[in-house]
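Novice: Here's a structure for you.
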Amino acid sequence: MDTYSVFTTKWKQLTGVDLTLYKEAQMKRRLTSLYEKKGFQSFKDFAAALEKDQALLNETLDRMTINVSEFYRNYKRWEVLETAILPLIKTSRPLKIWSAACSTGEEPYTLAMLLDQQKGLPGYQILATDIDEKALEKAKKGVYQERSLQEVPLSVKDRYFTQNANRSYEVKTEIKKNITFKKHNLLADRYEQDFDLIVCRNVFIYFTESAKEELYLKMAHSLKKNGVLFVGSTEQIFNPEKFGLVPADTFFYQKR
């Protein structure tokens, strides 16, 4: 067994995260860079240290999680969601939405601000999940630097954010109240059911093909009939019919 295999086995025991489901070359590069900075010589040495040092384990988990996020990322896709997709999923009931792998919260807050502006919507609830507890802590606070808000229209910024003395911006309570943040491992934990919309963007690119297929199936199963899965702009699903989905627009897939 090579030292990376030893590491992945130990990592799964310590964190519950199965690294064999992530693209190996990408993950190895990230981990090697981290353990070399910490002064370790091999995956084996690093694994032994992680077992004894909880702070190092937490830091490593934090560094390995991809936390690149901003409000209204790929703005045109959000316009499509508003104009073409919401009419497909609107019903007489409040919408049930899942922002999966929500990172530091920009995505679920973008969703909430967009939904709050819809006339005639009977309400909505957003479940926002991520594997990284530090990211979730930041998300719950809802405080961001101005650079995260570059794509936010001025009218939206004025309506839904309060500017603090240190030039940071805080999401208003009226938007926070409809979002529940929760720790969740996409690859291992149980999925809730009956979602009208699942947003999972810029996450699938990190997984192996077999892991991706498993996630597509599980997410399709979690959608209501006619519910929609919204993926990232580099994550087109080839042969979506295999998962019980049909294209609704570019990067949007509807359950049949």
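The backbone N, Cα and C atoms fix where each Cβ goes, glycine too.
Below, the features straight out of Swiss-Prot:
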type    : residues                                          : note
DOMAIN  : 1-256                                             : domain 'CheR-type methyltransferase'
BINDING : N67, S69, R73, E107, D130, N185, L186, R201, N202 : S-adenosyl-L-methionine binding site
Novice: If one looks at the chain holding R73 (S-adenosyl-L-methionine binding site), which residues at least 6 apart in sequence have a CB under 8 angstroms from its CB?
Specialist: E106, E107, T110, E151, R201, N202
Novice: Sort out the sequence-distant neighbours of L186 (S-adenosyl-L-methionine binding site) for me: same chain, 6+ apart, CB within less than 8 Å of its CB, listed by position.
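Specialist: When sequence neighbours closer than 6 are ignored, L186 (S-adenosyl-L-methionine binding site) has A100, A101, T129, I131, C200, V203, L215 within Cβ distance under 8 Å.
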Novice: Given a 10 Å Cβ-Cβ cut-off, pick out the one of the binding-site residues D130, N202 that has the most other Cβ atoms nearby.
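Specialist: Most Cβ neighbours within 10 Å: D130.
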Novice: Please classify the secondary structure at D130 (S-adenosyl-L-methionine binding site) using three-state DSSP.
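Specialist: Once the DSSP labels are grouped into three classes, D130 (S-adenosyl-L-methionine binding site) ends up as strand.
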